[in-house]
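> In case it helps, Swiss-Prot gives these features for our protein:
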BINDING   HIS67, HIS383  Fe(II)-heme a binding site
BINDING   TYR250  O2 binding site
BINDING   HIS373, ASP374  Mg(2+) binding site
TRANSMEM  21-43  transmembrane segment
TRANSMEM  63-85  transmembrane segment
TRANSMEM  106-128  transmembrane segment
TRANSMEM  153-175  transmembrane segment
TRANSMEM  188-210  transmembrane segment
TRANSMEM  242-264  transmembrane segment
TRANSMEM  271-293  transmembrane segment
TRANSMEM  308-330  transmembrane segment
TRANSMEM  342-364  transmembrane segment
TRANSMEM  379-401  transmembrane segment
TRANSMEM  414-436  transmembrane segment
TRANSMEM  456-478  transmembrane segment
Amino acid sequence: MSLKLNIQRWLFSTNAKDIAVLYFIFALFSAMIGTGLSAIIRLELANTGSPFLHGNTQAFNVVITAHAILMIFFFVMPALVGGFGNYLMPLMLGASDMAFARLNNISFWLLVPSLILILTSALVEAGAGTGWTVYFPLAGIQSHSGPAVDLAIFSLHLSGFSSLLGAINFITTFINMRTIGMKYENVPLFAWAVLFTAILLLLSLPVLAAGLTMGIFDRNFNTSFFEYAGGGDAVLYQHLFYWWNHPEVYILIIPGFGIISHAVSAIASKPVFGVQGMIYAMWSIGLLGFCVWSHHMFAVGLDSDTRAYFTSATMVIAVPTSIKIFSWLATLYGGTIRLNVTALFALGFIFLFTIGGLTGVVLANSALDIPFHDSYYVVAHFHYVLSMGAVFSIFCGWYLWSPKILGLHYNERLSHIHFWLMFIGVNVTFFPMHFLGLQGMPRRINDYPDAFIGWNQVASLGSIISIVASIVFIYVVYDQLTNGLHQGNKALDSQFKPSFMGTNLNVEGYTGPTLEWTVSTPPSLHAFNTPAVLY
């Protein structure tokens with residue numbers, strides 16, 4: 001293919017599948033940088049006395065800020081919503097493409113300058129050491145006088161605008177592009193998950209944009225929205241930020257719920273238990289996500305009755321979440337379970353996400369949250385939900401659908417090695433953090449008393465294991481793309497190809513009840529030029 005055609009295909013692409021591939025590549029690139037930054041954090045905390053950054057606390061704060069923003073905005077969201085959402089949602093609905101194809105293109109390309117801005121913000125002057133929450137007055141002009149915070153805020157603006165355009169696209173596609181005969185109750189769970197994610201993005205992102213814009217004005221135009229001296233209030237920023245932030249954590253995990261539902265159905269060889277209950281549970285989680293934002297703010301001095309309300313409302317979210325957990329377990333019960341790597345990641349997700357949810361119930365209590373606030377207990381909680389929830393669902397989705405997407409099989413044995421290294425690594429990293437938090441170790445501080453050294457060293461060891469697991473995954477994908485046997489010529493190739501690591505033929509072919517399994521492998525660029533008809 002000529003250079004001109006390549007540029008037309010990949011730079012000016014209006015095809016959802018090509019854009020999804022771009023999202024996957026972008027997410028992998030961002031994840032590699034974000035993982036490198038997490039390695040710096042764990043090297044710094046591997047011992048007392050700031051062994052890696054030599055006491056440069058600002059540099060440490062810049063690293064944790066960049067790590068969080070990269071992992072959330074440039075890894076998990078592009079992979080789950082941009083990658084799997086763009087590729088699978090039109091296929092599951094029987095649509096030829098997304099509703100707004102060119103809007104889809106700009107949604108992706110806005111992320112590239114956004115990533116450049118956030119990386120630049122970490123490199124100019126002293127960097128943006130605000131934490132990813134960008135709290136004022138720490139993010140104000142007195143504390144961060146250079147352009148770093150402005151660059152970080154513009155990065156979040158661009159990323160948010162990209163997500164907003166994508167959300168409009170997904171909602172329109174879901175409502176208008178379903179194929180003939182596909183009623184709402186026939187829509188697969190992953191497509192529902194992407195719809196709810198898009199609705200949450202649409203309702204929450206404008207509020208974040210407002211808060212960040214006020215921050216830009218405070219920094220550069222002498223307003224005082226968050227400045228006490230001028231009659232402003234820094235707590236207002238927290239309300240605006242967390243109004244977006246709490247739905248955001250569900251934006252990160254709800255597409256994962258959709259993927260796990262499909263994976264559990266695949267490995268148990270039976271339909272998901274209680275599909276309508278699953279849909280209502282996701283809707284309830286999304287709706288309740290807007291009613292609990294101040295549980296992040298128990299330590300700022302809320303009234304006791306306000307704290308009582310937010311404690312109760314937060315605990316209510318455990319109900320629809322547990323409906324999902326028990327429905328997955330009920331799906332597995334009595335099924336013919338195939339313990340392939342998709343199954344391992346799905347079961348790992350259910351187990352570890354449940355642990356993260358239980359620590360969330362602990363933190364929902366305002367009386368308990370005040371001592372736990374900003375301690376490593378909170379870090380352990382949200383990493384169990386994200387590092388082992390969202391990220392495990394991404395791996396699970398890759399191992400479930402990549403043979404269909406690429407038409408190439410991955411090496412089953414290597415992928416098992418990836419799972420076990422990852423499972424051990426993340427648990428060894430984050431489980432000790434519960435103990436550190438209970439002992440009172442504060443987060444975002446780059447040194448600590450000698451009493452905390454034991455569990456910190458264990459956590460740093462775990463992070464090394466996780467990094468090795470990530471390298472193994474990159475090799476699995478490389479091996480899949482170079483040695484993965486095409487489904488078309490699979491029968492012709494010798495089943496006993498001599499290879500130390502085994503053959504890529506161990507993968508069991510899976511076909512499911514949803515429309516994406518009915519098209520060719522790999523799917524053509526416009527899989528449904530003629531609408532599929534469901535009876």
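Using N, Cα and C of the backbone, Cβ positions are placed for all residues, glycine too.
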> What's the number of neighbouring CB atoms sitting within 10 A of the CB on HIS383 (Fe(II)-heme a binding site)?
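Total other Cβ atoms inside 10 Å, all chains included: 21.
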> Looking at the binding-site residues HIS67, HIS373, which sits with the largest number of other Cβ atoms within 10 Å of its Cβ?
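Neighbour-count leader: HIS67.
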> With contact taken as 3 or more Cβ pairs under 8 angstroms (pairs 6 or more apart in sequence), are the transmembrane segment (21-43) and the transmembrane segment (271-293) in contact?
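As far as Cβ distances go (cut-off 8 Å, pairs 6 or more apart), the transmembrane segment (21-43) and the transmembrane segment (271-293) do not touch.
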> Go through 153-175, 242-264, 271-293 and flag the stretch with the largest number of C-beta pairs under 8 Å relative to the transmembrane segment (308-330).
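Going through each listed stretch, the top one turns out to be 271-293.
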> Please report the Cα separation of ASP374 (Mg(2+) binding site) and HIS67 (Fe(II)-heme a binding site) in Å, rounded to an integer.
17
> Have a look around ASP374 (Mg(2+) binding site) and count the other CB atoms within 10 A of its CB, chains all included.
14
> Using Cβ atoms and a strict cutoff of less than 8 Å, what residues sit near the transmembrane segment (456-478) while being 6 or more residues removed from its termini?
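For the transmembrane segment (456-478), the far contacts come to 28, 31-32, 35, 38-39, 42-43, 45-47, 395, 398, 410-411, 414-415, 417-418, 421-422, 424-430, 432-433, 436, 448.
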> So which residues does the transmembrane segment (242-264) touch in its own chain, when a touch means Cβ under 8 Å and the partner is 6 or more beyond its ends?
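Those are 72, 76-77, 80-81, 84-85, 133, 188-194, 196-197, 200-201, 203-205, 207-208, 211, 272, 278, 282, 285-286, 289-290, 292-297, 324, 328, 331-332, 342-343, 345-346, 349-350, 353, 382, 385-386, 389-390, 392-394, 396-397, 400, 512, 514, in sequence order.
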> Could you tally the C-beta atoms, other than its own, that fall within 10 angstroms of the C-beta of TYR250 (O2 binding site)?
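I count 23 other Cβ atoms within 10 Å of it.
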> In terms of Cβ proximity under 8 Å, which residues at least six beyond the ends of the transmembrane segment (271-293) contact it?
185, 189, 192-193, 196, 199-200, 203-204, 239, 242-243, 245-247, 249-250, 254, 257-258, 261, 264-265, 310, 313-314, 316-317, 319-321, 323-324, 327-328, 330-331, 513
> Checking distant contacts: for the transmembrane segment (188-210), what same-chain residues at least six beyond its ends satisfy Cβ-Cβ under 8 A?
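Same-chain contacts beyond the flanks: 80-81, 84-85, 88-89, 92-93, 156-157, 160-161, 163-164, 166-171, 174, 240-241, 243-245, 247-248, 250-251, 254-255, 257-259, 261-262, 272, 275, 278-279, 282-283, 285-286, 289-290, 514-515.
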